[in-house]
Amino acid sequence: MLLRFTKMHGLGNDFMVLDLVSQHAHILPKHAKQWGDRHTGIGFDQLLLVEAPNNPDVDFRYRIFNSDGSEVEQCGNGARCFARFVLDKRLTAKKQIRVETKGGIIELEIRSDGQISVDMGPPRLVPEEIPFQAAEQAKSYSLDVDGQTVELAAVSMGNPHAVLRVDDINNAPVHTLGPKIEHHPRFPARVNVGFLHVVDRQRAQLRVWERGAGETQACGTGACAAAVAAISQGWMDSPLLIDLPGGRLSIEWAGPGHPVMMTGPATRVYEGQVRL
């Protein structure tokens, strides 16, 4: 059978989006891996599935697969594309929608200026909820990586993140430390790794090594996690701007117990069909 799909991106973090509300198909990890190959498939960072909800209190179910076939809990840039997609496809007329993810319920708002705001919910900082192996909760942790001690913050935005502060974003050890921390045994579900350079109290630069995808042009949950880490440690103030290789996100967080708000663009690239 042929399935209609849309190619989208949020600041260069690119997605294949499938409407499984009006189309019916059983998508498996092998399909994500096959379609995700940039040489022999469609090519993307993540596959986003738009499904009818299981929960009557939400509008849609949102599932996410990495290009290696692994299913993940959350994707912030994908959430903005999800909101743009369901409105463009007339799956809803609402400008504010509630979406069920593997990592919890999020709220999406399409603003009059075309930007999309996502209420990502409160961050999780308790180690076992991230999950991260630590004796007790702290603002930062020391991690032994090949005999080198690395200082990092650990945050869950529905998916696990480690955040490291660096002095030079261009020479950050994204491709050397990134995969080692991703697979570190103290992160039992693996982890996304953010390298954060604080420019001033309102602006920072960020590069992210994404679990199962490698370095991407942008990572929405990574930007949220970096903002939480920076505000928690007194480096920055809310609201703040985070510049990623693909562009800029605005993040707001009022502190523990409060939701993280992320605002940025979502862009449709093309429509296509793929054989299942």
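Any Cβ shown, glycine's included, is placed from N, Cα and C.
Annotated substrate-binding residues in Swiss-Prot are N13, Q46, G76, N77, N159, N192, E210, R211, G220, T221, and among N54, N55, N66 the one listed with them is N66. The maximal spread of the substrate binding site, taken as the longest Cα to Cα distance among N13, Q46, N66, G76, N77, N159, N192, E210, R211, G220, T221, is 17 Å.
All protein chains included, N77 (substrate binding site) registers 36 other Cβ atoms within 10 Å of its own Cβ. Rounded to a whole number, the distance between the Cα atoms of R211 (substrate binding site) and C75 (active site, proton donor) is 11 Å. Restricting the recorded positions N13, N66, N77, R211, Y270 to those with a CA within 10 Å of the CA of C219 (active site, proton acceptor) leaves N13, N77, listed by sequence position.
Within 8 Å of the centroid defined by the CB atoms of N13, Q46, N66, G76, N77, N159, N192, E210, R211, G220, T221, the record's substrate site, lie the Cβ atoms of D45, I64, V72, Q74, C75, G78, V208, A213, T216, C219, G222, excluding the listed residues themselves.
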